[in-house]
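Peer 1: One structure, pasted below without further comment.
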Amino acid sequence: MPFALGQRWISDTESELGLGTVVQVEGRMVTLLFPATGENRMFSRSEAPLTRVIFNPGDTVESGEGWSITIEELEEKNQLVIYHGIHSETQEKVSLRETMLSHNIRFNKPQDRLFAGQIDRLERFGVRYQCQLLRHKLATSDLLGQQGPRVGLIAHQQWIAHEVGSRYAPRVLLADEVGLGKTIEAGLIIHQQLLTGRAERILVIVPDTLRHQWLVEMLRRFNLRFSVFDEDRCVEAYADNDNPFYTEQLIICSLDLLRKKKRLEQAVDADWDLMVVDEAHHLEWSEDAPSRAYKIVEALSEVVPGVLLLTATPDQLGHQSHFARLRLLDPDRFYDYDAFLAEEASYKDVAEAAEALSQDKKLPDSAINSLTELLSEKDIEPSIRLIQSKDVDAESQQAARQELLQELLDRHGTGRVLYRNSRASVKGFPKRLFNAYPHDMPAQYVTAERVNAMMGSAKQPQAKAAQALSPEKLYQAFENDSASWWKFDPRVDWLIEFLKSHRSKKVLIIASQAETALSLEEALRTREGIQATVFHEDMSIIERDKAGAYFAQEEGGAQALICSEIGSEGRNFQFASHLILFDLPLNPDLLEQRIGRLDRIGQQNDIQIHLPYLRDTAQERLMRWYHQGLNAFELTCPSGHVLFNEFADELINVLCDDDEDLMTQLLNHTQHRYKELKQAMEQGRDKLLEINSHGGERANALIKRLSDSDNDTHLIGSVIRLWDIIGVDQEDRGENSIILRPSEHMMFPTYPGLNEDGITVTFDRETALSRDDIAFITQEHPLVQTGLDLITGSETGTTSVAILKNKALPAGTLFLELIYMADASAPKSTQLYRYLPPTPIRVLLDKNGLNMADKVDYASFDKQLSAVNRHIASKLVNASQPILHPLLAKGEEYAKESLTQLVVDARAKMTQQLTGELERLEALKAVNPNIREDELEYIRNQMTEITGYMDNSQLQLDAIRMVLVSHV
């Protein structure tokens, strides 16, 4: 290489050093000073990994003094280049010697890097292009946000997430029965809202006992890093902001924190996009006296655009409280309780019509009349004829039924604000088998009851009933000895024998009180050394998590977990299938919640429910009412709350007084009313609600698409190649899993999310679901997203030179492959990416400037190419510069044409989708007040904003590859 003092060169291996200057040429060695970093490098003159920097006419370059010149011509004098051109500020003619060039010039544009000899390996060009295609594919997918979470592909959960998560500021009550996965539904919606940019700031309000569980669940299943806020965290946050809630984007807190006036005011002022309230059945309301908890959530719901309320028991605090929760979501719609009741009464006709449409039978006249009346603003006669015709194929008839059913769901009832799936509509649950074990009443309890009766304590009936259900509490009150009762209680003897005979089984034990749970643990430990752990409301979150983990542990873990009523709320242990009810709660909803700890989707075995009880006591009578009256042990009982309210007085009387005639009468009345309510529920609103909530065939089609996405081998191959290029160590661990570790040769100094110890990953959903310690990799996972960002955000793969060995073409034939990115910058919340995401535009030019991209696809072209040594590649580029410059200009013309068409297509797609959605919602608003005006306004504004951003779309050359034909 000819070197001369003052020449400017760049290091091929250390481009970060900037422009180097030749300061010494001696014998076979050359020394360069890199003024930007102050470092010297000595190279062999014959093999120096250096590229001479010579700019071309049309380039604008910066001088060392800070001014710029637009080059018009070059002059070479004494082996140094002098640039002549126009001063960028004064517009005067100036000259600039190459020694006076800025030391900090970076070759960021692909064409500059190519001409400066900064040429990447062939495979990196391909990986960069694949990364851009992957990002484009993900951005345009309507499944964005649903593919990545570590959850099972359960139809009703994914359907609700798809329906609700795609809305602007969704305001919804998720009220699936216990065990159907409301937390997962909420997590899917949160994940989707975040990934699509519909929400950025999210507040989750949960009972104090569930804060840590939500934190772990959001991270483990959804890769979302929430922060738990309590009073201490709020005080700490003052160092960063006067309002502690502004210090994090994703926050979990308890209702108790917000009971403090100052904290509530700060939360109200914190500009949330979405609020999630778990266990919303605790929000009690009456027109005269709404609870403090209700008023807290109401204050937030008035300023937060999106609200999700989660409850398994909508009517637990009465129908008024259920109405009040709907009122939180839409106060304009649910303004009057009496009007709400009157509307509910009309649901029967709607449900009958929906039932008729959902069955593959001929529509009866009554159903046709109902449909005609209910959809009076729409001409449904053609659809009815299609359904009733014998000459039409089944697929067309089914489509007509689905269309009418959707019209019905859209126009009537609470379908857009309330989702409730029942076990009757969701398959895959195990059986519940009830086992009762009677025992004689111990003499000590009999004596305690007699003494209590003689003392004539004036207790309210409900308090007397509660006392009768827990004789050990009464005994303790007299004996003042909290531990001794377990030494003679036959239920404890039975419990010990049961655990001894089921040593290999995990057993969940639930009792009403924390004191009872602690006493039982002491009994098991001291009498038989049985490994058990407790779980109650007085324990810290960390202590409860440790207890839960100890119970879940296969080897050396606890055989039994003993929970109190409140302590077990919201916790799930479906890896166990034996449930022991040490006592019974005086509320059928609480009984269902107990059983729901095991009876959940994901339970692999039939559930064995065991109840040891004391014969001829209130315990036996309550057991009979639950079992014979409600069948509440073996089936879920949606009407349990209503029945309890109706028969509470009679039930409490029976519990307090042993009167078999009264008991028989109560059972007869309960059974009769149970059947009535069951029939009414089957005929009424619930059927329509379930059709809307589980999604039917549309939900199944959604699951099919998600499953196909899981099995996309092309995606898996692309991700593995991405990690190869970055330099991540990959060790096959078997069982569908790989261990990823950072290596010494990684392309980037750090890879966020990949720590030094490594991480075990899988592309298989089932493996991820069975192993919490293995990360589930999809294109939505942060490790993949970060990898894509590392490549596309750097200069990796922006230049390449390759040889095409093809004797059908003349040797020396040149092709120029250009990858442009079409991009319209806009806030994520506009949803512009749905119509015009960053889009790769490929241009493949021959030496005459003809674009052959449509005729020669990327994959087949890429397979025929061979790599070229970087120094040879640099020489080939320099020799081809006279051809390349006009080709670059021609390529940009083709790319601009493609961009224009992209914008036209994107605008048409946006107009079609959003106008269609707007017209649909406007039509529905006329007949269904559930459609909120702000939803319509959001769509109108979205159309205006997106159009403006599309008009400002930009083109940027992202990568360039020069290809030469060779016969060698």
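Note that Cβ sites are derived from N, Cα and C of the backbone, with glycine treated the same way.
Note that the coordinates shown come from a computational prediction; the quantities given were computed from them, not determined experimentally.
In case it's useful when we look at the structure, here is the feature table from Swiss-Prot:
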DOMAIN    163-332  domain 'Helicase ATP-binding'
BINDING   ASP176, GLU177, VAL178, GLY179, LEU180, GLY181, LYS182, THR183  ATP binding site
MOTIF     278-281  motif 'DEAH box'
DOMAIN    491-655  domain 'Helicase C-terminal'
Peer 1: DSSP on GLU177 (ATP binding site), three-state: which is it?
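Peer 2: DSSP assigns GLU177 (ATP binding site) to coil.
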Peer 1: On the 0 to 100 scale, where does the mean pLDDT of the motif 'DEAH box' (278-281) fall?
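Peer 2: In the predicted model, the motif 'DEAH box' (278-281) has a mean pLDDT of 87.
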Peer 1: For ASP176, GLU177, listed as binding-site residues, tell me which one has the smallest number of other Cβ atoms within 10 Å.
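Peer 2: Sparsest of the binding-site residues ASP176, GLU177 by Cβ contacts within 10 Å: GLU177.
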Peer 1: Between VAL178, LEU180, which of the binding-site residues has its C-beta surrounded by the fewest other C-beta atoms within 10 Å?
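Peer 2: Minimum Cβ neighbour count within 10 Å, taken over the binding-site residues VAL178, LEU180, occurs at VAL178.
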Peer 1: Provide the three-state secondary structure of THR183 (ATP binding site) computed with DSSP.
Peer 2: helix
Peer 1: Enter the number of other CB atoms within 10 angstroms of the CB of THR183 (ATP binding site).
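Peer 2: Excluding its own Cβ, the number within 10 Å is 20.
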Peer 1: Give the number of CB atoms, excluding that of LYS182 (ATP binding site) itself, located within 10 Å of its CB.
Peer 2: 26
Peer 1: Using a 10 Å cut-off, grab the number of neighbouring Cβ atoms around the Cβ of GLY181 (ATP binding site), all chains included.
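Peer 2: Result for GLY181 (ATP binding site): 23 neighbouring Cβ atoms inside 10 Å.
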